[in-house]
Amino acid sequence: MPLRLDIKRKLVQRSDRVKGVDLHPVEPWILANLYSGNVFIWNHATNSLVKSFDVTELPVRTAKWCLRKQWIVCGSDDMFIRVYNYNTSELIKAFEAHADYIRSVCVHPTQPFVLSCSDDMLIKLWSWEKDWDCMQIFEGHSHYVMQACFNPKDTNTFASASLDRTVKVWSIGQPTPNFTLEGHEKGVNCVDYFTGGDRPYLISGADDKLVKIWDYQTKTCVQTLDGHSHNVSAVAFHPELPIIITGSEDGTLRIWHQTTYRLENTLNYGLERVWAIGVIKGSNAVSVGYDEGTVMFKIGREDPVASMDASGKIVYAKHNEVQTVNVKALPQDYEIADGERLPLAAKDFGSCDLYPQSIEHNPNGRFITACGDGEYIIYTALAWRNKAFGSALEFGWSADASEYAIRESPSKIKIFKNFKEKLEFRPHFAAEGLHGGALLGLRSTDFICFYDWEQANVIQRIDATVRDVKWSESGEMCCIISENSFYILRYDPEVVAAAFESGEFDEGEGVEDSFELLAEISETVLTGIWVGDCFVYNNSDMRLNYVIGGEVTTLFHMDRPMYLLGYLAAQSRLYLIDKEFQIVTYTMLLSVIEFKTLVLRGELEAAEELLTSIPTEHHNSVARFLEARGLVSDALRVATDPDFKFELAVQLGELGIAKEIIESYNDDVGESKWKQLGELAMSTGELDLAAACLDRSGDLSGQLLLASAAANPKQLMQLAEAAKAKGKNNVAFVCLFSLGDIDACLDLLVETGRVPEAAFMARTYAPSRVSEIVQLWKSDLGKINKKAAEALADPAEFANLFPNFDEALVMEEDAKKTKMSSKRPSASAYGGEQELAKQMEKSATVAEEQEEQTKNETKEEKEEPAQNAPPTPKSEPPKSPKKEAKKATPPASPKAPPSPSPKKAEKEEEKPTKEVPAPKIPAPKSPKKAAPEPPASPKAASAATPPDDFVDANEEGPAGDEDADEWIDEPTD
C-alpha cells in the first residue's frame with residue numbers, strides 16, 4: 001500500500017534562478033543563493049524576506065549555514081569564499097579559494113572545517129580557527145567536482161560527485177580517495193548520505209537521468225531509480241521520513257519510498273528546472289530551489305507517533321523501529337522538576353512491518369494498534385506479537401476494549417468484536433475520517449456523524465469542521481476539535497435509549513437532544529486528553545491549559561512544542577513528549593480537579609471537605625474558579641493573593657477587609673489600591689474612610705472634592721499647602737480660590753510664571769494689586785518684546801483708561817470688611833436629608849397658606865370700591881370699580897406721592913410677599929451694607945456695579961447662598 005503523506009505548501013517566493021537552498025534548524029528560515037549574485041534569507045512562517053546579501057555580480061552557486069558561529073558561508077564564480085554574520089550582516093572573511101568556479105561548500109558538523117569543491121577538479125579543506133588556512137587538498141577527479149558532503153555516521157569521511165561519472169569517498173588526512181563508485185553513464189551532479197542507522201547507503205543523481213542508491217560498505221549499487229526525463233540535479237534522503245526526494249531539470253520533484261523504492265508522488269510547481277533540495281533533521285520540511293524561485297512544503301505530520309497506557313508505559317515509533325520507556329522506572333530518590341526532560345532509558349521493543357502514522361493503546365492497555373501505509377496491525381502490548389491485521393485507512397478503538405472499527409474506504413466501515421467482524425455498513429456520505437470512543441464518529445468535510453457500536457444507528461449529526469474527537473473515560477464528556485476552536489459537549493445515553501425505545505428519532509439526523517453543548521472555546525488545540533471531567537490540552541501558543549465548566553486555566557508555559565501522552569493520577573502528573581522523543585512531565589493536582597468538578601455538580605459541602613487536601617499555593621486557582629461560578633464570598637475566604645483578595649473584597653463591598661489588605665502593602669505598591677478604595681468609600685457615603693484613603697493615596701483631586709463638599713476651610717488650607725509642595729498648582733489654586741484668599745491666588749500665579757493671568761484676576765477681584773502685578777508683567781514681557789511691554793497700561797499712570805477704578809477699590813475694601821465680619825456655616829449646619837425634606841415640606845405648606853390668603857385679600861379689595869360707588873343707570877354700560885374709585889379720589893399733588901386710605905395701607909402692610917420663602921437656616925447674618933450712591937452715567941454704573949448674578953469670590957462657603965449678595969446694590973424704590 002502507498003504511503004499516506006499529506007503535502008502542505010508553506011512558502012512560494014519568486015526570484016531569479018536559485019542555485020542552492022539550506023534550512024535553518026532552529027529559526028523558520030531558508031537560505032537561498034541566487035545566480036544573480038545575491039543571497040536571501042526567507043521566513044517560511046511569515047512568507048517574508050528576513051535579510052539579503054549582495055555578495056557579488058557573478059553567480060553564487062552555494063551557501064550554507066554555520067550555526068556555531070552564526071555565519072553563512074558562500075562560494076561563487078569569482079572563485080572567492082565569503083563568510084557573513086547573518087545577524088549583523090558583517091562580512092567576516094573573503095578569500096580566493098579556487099582557480100575556477102566554486103560549485104559547493106559543506107560545513108563540518110563538529111570540527112571548525114569547511115569543505116569546498118570547484119571546477120578546478122580539486123576539493124579543499126579550510127579551518128576557520130587558523131584564519132581560514134587550507135588544511136588539505138584532495139586530488140583525484142578528472143572533471144568538475146559538483147558536490148561534496150560529510151558522512152553523518154562517520155564525520156571523518158565524505159563523498160564527492162564529479163562530471164567524470166564517478167562518486168568518490170575520502171577520509172580527512174588522506175590525500176587519495178578510499179574508493180570510487182562507478183556506474184553512471186554521464187556526469188554525476190549530486191550526492192547525499194542516508195542518515196538512518198540501519199543502512200550504509202548513499203545516493204547519487206546524474207545527467208543520465210538516473211538516480212542510484214549505493215552501499216558504500218560493499219561498494220555496490222543497490223537500486224536504480226528511473227523516472228526523470230532530464231538531468232537529475234538534486235537528491236536527498238529525508239532524515240525524518242522513509243522517503244527519497246529527487247529533483248530534475250524536467251521541472252519535477254519525485255518522492256520515492258526508502259524501503260520499497262516505489263514512486264509515491266510527483267510534484268511540479270511550474271517554476272521550471274529544479275536545482276537544489278534542502279532537508280534537515282528534526283523537521284518534515286523540504287525546501288526546493290527552481291529557475292524562478294524558492295518553494296518550501298511539509299510532508300506528513302510532525303508530531304511524534306507515540307502512546308501511553310494507564311500504567312505509565314510509553315511506546316513510540318522512529319520510522320519502522322518501535323521503542324518503549326516506563327516513567328515509573330525512575331530512581332526513588334530522583335526529584336522530578338516540572339518541564340525537565342526525564343532521564344529514561346529507551347528499550348528496543350521491535351520493528352513494525354509498516355511505516356506507522358499512528359500508534360494507540362486499547363482502553364485496558366493489553367493491545368497496541370499501528371496504522372499506516374493503508375494497513376493496520378494489532379500487537380500485544382507485552383511482547384509485541386502480531387494479533388490481527390488488515391487493510392484500513394484509519395482505525396479506532398471503542399470504549400469497550402474488545403471492540404474496534406476500521407475505515408476500509410470512504411464508503412465502507414467495518415466493526416470488529418474480539419477480532420472478528422461483527423458489522424459492516426456504508427455511510428450515506430463519503431467518510432474522510434474515523435474516530436473511536438464511546439460512539440463511533442465518521443467525519444465529512446463540514447460535519448460529523450456519531451453512530452452506536454451495536455447497530456451502527458445514527459445518534460446525532462453535528463455540523464462542524466472537525467479535526468479530532470476526544471472522549472472521557474466515563475463516556476459522558478466529548479471534545480470536538482476544529483482548526484481554530486473546540487467544543488465541550490455532554491452525551492446523555494439515557495435520552496438516546498428512550499428515543500430508540502419509543503421510536504422517536506430520525507434515521508438520518510439521529511436523536512436531537514443526545515448532546516448538550518457546555519462550552520465553546522476559540523483556541524487551537526494541538527493535542528488533548530481527558531482527566532475525569534477536565535479536558536487538558538496544549539495550544540499553538542505553547543501553553544498547557546485545562547478547562548472545566550468553560551473556564552480555561554493555564555498550568556504552564558512551555559519552551560517548545562510538546563504533545564500530550566497521558567496522566568497518572570497516583571503521581572498527579574501529566575506526561576508529554578517532544579519531537580526528539582524526550583519525555584517531560586508537569587504537575588496537575590487531582591484534588592484541584594475533583595474540587596472544581598464537585599463545585600460544578602453543586603456538591604459544595606463535599607468540595608469544602610476536599611479543600612483541606614489542596615496545597616495553599618493552589619488556593620488562588622481555586623478562588624478564581626469560585627469567582628467565575630459566582631461564589632465570590634467563598635473565593636474571598638479561599639484566596640491568598642493580596643491583589644486578588646482586594647478585588648474580591650471590593651466586589652463584595654467589604655471595605656474594612658479591603659482596607660486591612662492594603663495596609664499590608666508597601667506605600668508605592670498600594671497607592672492605586674488606596675485610591676480605588678477611596679472612590680468606593682465616597683460612593684457609599686463612608687466619608688471618613690474616603691478621606692483617609694485619599695490621603696494615603698496622595699489623590700489631591702479627590703481630597704479637593706471631599707473638602708469642597710464638606711466646606712471645611714481648615715482642610716482646604718492644608719490641601720493647598722500640600723498641593724503647592726507637590727507642584728500641583730491647579731489644585732492649590734482652586735483651594736485658595738474656594739477659601740476666598742485672592743492675595744494667595746495672585747501670589748501663586750506670579751510664582752508659577754502666570755503673570756498675565758494674575759493681572760487679569762487682580763483687575764477683577766483685587767484692583768489694589770493691579771499696579772504691582774502689571775509692573776511684574778512689564779518686566780517679564782520686556783525681556784522678549786519691549787514694544788509689547790510698553791503697551792501695557794498701569795491704572796496708576798493711565799487712570800483715564802480705567803473708568804470707575806476708584807469705585808472698584810472702594811468695593812474691594814468693603815468686601816474685605818464684610819469678609820472679616822461674616823462667618824459661613826459648615827456643611828453639617830444644613831442638616832441631613834430628612835431635616836432638609838421636613839423644612840422643604842413646611843415651607844411648601846406655608847407658601848400655600850400665604851397664597852390662599854393673598855387671593856382672599858385681593859378679592860376683598862376689588863369688592864370694597866364697588867360698594868361705595870353710586871348706582872349706575874340701567875341704560876349705561878357698567879363701569880369698572882377701579883375706574884370709579886379713581887374718580888372719587890382727589891388729584892394728587894405733583895410734589896407728594898398719593899397717600900392711600902388708612903384701611904388700604906393697613907392691609908398692604910399685612911400683605912405678604914408673593915415669592916416662596918427659602919428654608920430657614922440657622923446661620924448668623926452679617927449687617928446689611930448701605931447701597932452705594934448711583935453713578936453719574938449709565939456707563940459708569942455698569943462698570944462699578946456688579947451684575948445681579950455676581951458672587952464675591954472672597955466670601956466663604958458655597959456660591960449662591962443668601963449671604964453672598966449682602967453687598968450687591970439693591971434697587972431703589
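In case you wondered, yes, glycine gets a Cβ from its N, Cα and C as well.
From a predicted model like this one, the values you see are computed outputs, not experimental measurements.
Database features, via TrEMBL:
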type     : residues : note
COMPBIAS : 852-865  : compositional bias 'Basic and acidic residues'
COMPBIAS : 876-887  : compositional bias 'Basic and acidic residues'
COMPBIAS : 891-901  : compositional bias 'Pro residues'
COMPBIAS : 903-914  : compositional bias 'Basic and acidic residues'
COMPBIAS : 938-947  : compositional bias 'Low complexity'
COMPBIAS : 949-973  : compositional bias 'Acidic residues'
DOMAIN   : 319-578  : domain 'COPA/B second beta-propeller'
DOMAIN   : 595-778  : domain 'COPA/B TPR'
REGION   : 816-973  : region 'Disordered'
REPEAT   : 95-127   : repeat 'WD'
REPEAT   : 138-172  : repeat 'WD'
REPEAT   : 181-224  : repeat 'WD'
REPEAT   : 225-266  : repeat 'WD'
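With a cut-off of 8 Å between Cβ atoms, the residues of this chain six or more beyond the repeat 'WD' (95-127) that come close are 59, 61-66, 73-77, 79-81, 133-139, 141-150, 152, 155, 158, 160, 162, 170, 172. Long-range contacts of the repeat 'WD' (181-224) within the same chain, counting only residues at least 6 positions beyond its ends with a Cβ under 8 Å from a Cβ of the stretch, are 143-144, 146-153, 159-169, 230-237, 239, 244, 246, 248, 258, 261, 281, 319. Distant neighbours of the repeat 'WD' (138-172): 100, 103-104, 106, 108-111, 113, 115-119, 121-125, 178-182, 184-193, 195, 197, 200, 202, 204, 206-207, 214, 216; these residues of the same chain sit at least 6 beyond its ends, with a Cβ under 8 Å from one of its Cβ atoms.
Computed over the repeat 'WD' (138-172), the whole-number mean pLDDT of the model equals 95.
Applying DSSP to the repeat 'WD' (225-266) sorts its residues as follows: 0 helix, 23 strand, 19 coil. Here the repeat 'WD' (181-224) has, by DSSP, the following mix of helix, strand and coil residues: 0 helix, 25 strand, 19 coil.
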